[in-house]
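Asks: One structure coming up, written as structure tokens, with questions to follow.
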Amino acid sequence: MASSVGNVADSTEPTKRMLSFQGLAELAHREYQAGDFEAAERHCMQLWRQEPDNTGVLLLLSSIHFQCRRLDRSAHFSTLAIKQNPLLAEAYSNLGNVYKERGQLQEAIEHYRHALRLKPDFIDGYINLAAALVAAGDMEGAVQAYVSALQYNPDLYCVRSDLGNLLKALGRLEEAKACYLKAIETQPNFAVAWSNLGCVFNAQGEIWLAIHHFEKAVTLDPNFLDAYINLGNVLKEARIFDRAVAAYLRALSLSPNHAVVHGNLACVYYEQGLIDLAIDTYRRAIELQPHFPDAYCNLANALKEKGSVAEAEDCYNTALRLCPTHADSLNNLANIKREQGNIEEAVRLYRKALEVFPEFAAAHSNLASVLQQQGKLQEALMHYKEAIRISPTFADAYSNMGNTLKEMQDVQGALQCYTRAIQINPAFADAHSNLASIHKDSGNIPEAIASYRTALKLKPDFPDAYCNLAHCLQIVCDWTDYDERMKKLVSIVADQLEKNRLPSVHPHHSMLYPLSHGFRKAIAERHGNLCLDKINVLHKPPYEHPKDLKLSDGRLRVGYVSSDFGNHPTSHLMQSIPGMHNPDKFEVFCYALSPDDGTNFRVKVMAEANHFIDLSQIPCNGKAADRIHQDGIHILVNMNGYTKGARNELFALRPAPIQAMWLGYPGTSGALFMDYIITDQETSPAEVAEQYSEKLAYMPHTFFIGDHANMFPHLKKKAVIDFKSNGHIYDNRIVLNGIDLKAFLDSLPDVKIVKMKCPDGGDNADSSNTALNMPVIPMNTIAEAVIEMINRGQIQITINGFSISNGLATTQINNKAATGEEVPRTIIVTTRSQYGLPEDAIVYCNFNQLYKIDPSTLQMWANILKRVPNSVLWLLRFPAVGEPNIQQYAQNMGLPQNRIIFSPVAPKEEHVRRGQLADVCLDTPLCNGHTTGMDVLWAGTPMVTMPGETLASRVAASQLTCLGCLELIAKNRQEYEDIAVKLGTDLEYLKKIRGKVWKQRISSPLFNTKQYTMELERLYLQMWEHYAAGNKPDHMIKPVEVTESA
């Protein structure tokens, strides 16, 4: 605030006394300017006693008393000056200063304005008026006051800088910038303007320009404390920590007891990972300023990082005692409560932080994250959007919102969020990892691998990224450093389990790695506990369950829960089961977790179940569970486990008295809320029951089932063309299938019936033989027409009124037949030439996804191919990017590239049908073909397997045991190779085994859905009777076998 000291008026006394008076006046002025107010007052009083009416002396006395905060005395002398000269603008201005200091702003403003009316070019008056208007909240008026001052003197660089400050405060950054630049133009060495300009650039996000201007300010004024602090702050934000430390240390050399600078310096130490130094520096800041909530909050952050959570919690609470509305402390304390599992308190604190500070982006994001974990996705999304609205460059919020959108199945939205997060912060490892997960789920594996590698480069200790990268590399069969990778992955899981953290390996992937059974079970258990955490916040009381069947008219109500009622392998397996239950004893409910996909698979289940409920329309797990409970379900069946689309929270709420795992997930749930796992003796031997959290409930033959007889009845029979006419009949070179096959064959001349002998499916497979009749079409004009259709790539021809179609063209003829939704109505021709398979070689095949192959499996297959020289291995491009890796590893093992033939993934019907062309299927021991095993067996192709220790590695053995083909089950690697080699070199033996599989698929229980349903019903009744008797779940490993006529 400018005080006007005035000029000493001319004296009428003689010259000698006048000189003495003038000299004393100048001395008083100099003392005033130097801040020696005591001496200035003493000399002024001498002057006043000599000339009591001298307005210059009166103004100087007014200013001296004002500086000494003797406001009444200051006002007194200003008033005396006005009495002497009512037009003295400076006196009114000085009086205005007194009023302003007393808080009487309107009186101050009136006096300043009066001074300016008296003296329109009074610069100090404008400056004082501007300050008073700012204090009164009239910012625009203050701007005009500064502008008026500058109109009278454009070279007032200090005033122009002050105007810039005001414009900056109003958010008018470009105008502020212009002011500072003009001030610098007027006075290039004006350090304050350089510093202020740096603040503008910082506010505009021009970090490097800000740094440059702050550095210029401290160069011009090496003792400019605020500029050093500003420089340190912007360097801290730019993460240039060493230079930030230097700036703060220089500031402390100028002001050693500056608590805020100590606090900021501690923040830099914290970011540098110098936690102990940060803690010490925060403590120094608190020592200097005990009522410093920011320092307590930041100290708590450092203590938490060090693991001193209890002490950190105390510090947050201290900060809140000092300032109950300290939003950062509320937010950070909420984070601790969340990590402690006290979710309700965390939510309360986040909401309190937002109540205090609605524009708190981090609190919005954190609250959203908790809401997402609770399954409240829409509310979470709302808070993420708020966080981003408040802070458009909040990369974490974008990344986390992407996670929510991903969970809501909005893949494009999630992709955009992750991409934006990375644009904002290219070094954001979590966002790269999240982006990778979207690519992975979308099947863009190379992009996923690249993003995971970027994440790990940015953050080497990143278990989630490492384990997901390992899975991606498994998918494409990239086995570089395979053994080392497996060791590291196991050690990551061990460390996470020891620290009670959620493992980075997903339960569904755990079967692929050399983990112990205990680890696999613990991984599943952690995921089960997550479901419990989500439902705990609902505060739902336990459901009461019936102990009898009175309310259901004596019928057992079974509820099947799945996200896969549609075009999905699970429906391909079980779609007929709901409609085959005995309606007198069972009432069937199917609960869909996914919307209608418009396929016949969905239509069939909807039509044949007694009740079909689309729970995808009830996103709230509590309400969905209520619906299940209201339906009075006795046995609730989980067909998802931890596969995509699961809602295990429904089971965690226990809406049914008995809950069982079945079919859709190849492992234990690890969850206390699942009572049984429906399995069989071969898949889950009783001696490994400890692998499962559930009790084992055995089916008498196999827990696996396939609806192939219903979906693909046209493959029950086949005919072949004797294309070589050399007396050797091949059953899998040119194959014809069709519902009308017999009628078509009857219309042809010269069709021969060849009897193929095959062993029975008893315990002793070689004890007796039965004959199978296989129609053979000789090479004639009709056969030639069929072969010409294939060679020319024609879609379809007509022979004797029958439509004969090219097996590669099913999607063009009838797409629903291609997907397995309808039975093809044409005669379909399938040939080895369609897939580039050699006519005169043994074809081994495997139609699994490539992730099921590991180095030891490929080595076994290479050994087999070497021992069977005239043989090839037929695999799928599943995915295509895995093909070059497999080929390269095979070449390293001594196999030429032409020994492995890849085909694209095919529609379901073609996929099953073309399996007839292979001679032998080689199963993957790591994780068997489950649905694909059923597919290849329905095609009549023998499958060699070697059961391991996991459920996923024993399913094929269970299928083969049910089929009666024990000779195809190996006990070890050598036996696996020997069985495959015998099939490839002993063609008579191969023919017998192929005949056996062809026969047994019809006569064994493996594809008998009616018998399977009856056995499943018997198991359900066992479970119910056990429960109704008041017993806890127990193993049911003595299944009651039933026959179809039972």
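Here the Cβ of each residue, glycine as well, is placed from N, Cα and C on the backbone.
Here Swiss-Prot flags ALA2 as N-acetylalanine, drawing on similarity to another entry. The region 'Required for phosphatidylinositol 3,4,5-triphosphate binding' feature in Swiss-Prot is assigned to 991-1010; the stated evidence is similarity to another entry. Swiss-Prot lists 21-54 with the feature repeat 'TPR 1'. The annotation repeat 'TPR 2' is assigned in Swiss-Prot to 89-122. The repeat 'TPR 3' annotation in Swiss-Prot covers 123-156. Annotation source Swiss-Prot lists repeat 'TPR 4' at 157-190. Under the heading repeat 'TPR 5', Swiss-Prot lists 191-224. Marked as repeat 'TPR 6' by Swiss-Prot: 225-258. For 259-292, the entry in Swiss-Prot reads repeat 'TPR 7'. Look at Swiss-Prot and you will find 293-326 tagged as repeat 'TPR 8'. Annotation comment: Swiss-Prot describes 361-394 as repeat 'TPR 10'. Marked as repeat 'TPR 11' by Swiss-Prot: 395-428. Positions annotated as repeat 'TPR 12' by Swiss-Prot: 429-462. According to Swiss-Prot, the repeat 'TPR 13' annotation covers 463-473. Under the heading motif 'Nuclear localization signal', Swiss-Prot lists 487-503, citing sequence analysis as support.
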Asks: Counting each residue once, how many in the repeat 'TPR 3' (123-156) are helix, strand and coil under DSSP?
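Replies: Residue counts in helix, strand and coil order: 28 helix, 0 strand, 6 coil.
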Asks: For the repeat 'TPR 1' (21-54), what is the mean per-residue pLDDT, to the nearest integer?
Replies: 85
Asks: Excluding the flanking five residues on each side, which residues at least 6 beyond the ends of the repeat 'TPR 10' (361-394) place their CB within less than 8 Å of a CB in that stretch?
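Replies: Same-chain residues near the repeat 'TPR 10' (361-394) but 6 or more away: 327, 330-331, 334-335, 338, 343, 346-347, 350-351, 353-354, 400-401, 403-405, 407-408, 424, 533-534, 537, 619-621, 649.
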Asks: Helix, strand, coil: count each for the residues of the motif 'Nuclear localization signal' (487-503), based on DSSP.
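Replies: Helix, strand, coil within the motif 'Nuclear localization signal' (487-503): 12 helix, 0 strand, 5 coil.
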Asks: Short question: which residues 6 or more past the ends of the region 'Required for phosphatidylinositol 3,4,5-triphosphate binding' (991-1010) have a Cβ under 8 Å from it?
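Replies: Residues packing against the region 'Required for phosphatidylinositol 3,4,5-triphosphate binding' (991-1010) from afar: 576-577, 580, 701-702, 704-710, 716, 731, 756-761, 765, 769-770, 772, 919, 934, 937-938, 940-942, 959, 962-965, 967-968, 983, 1044.
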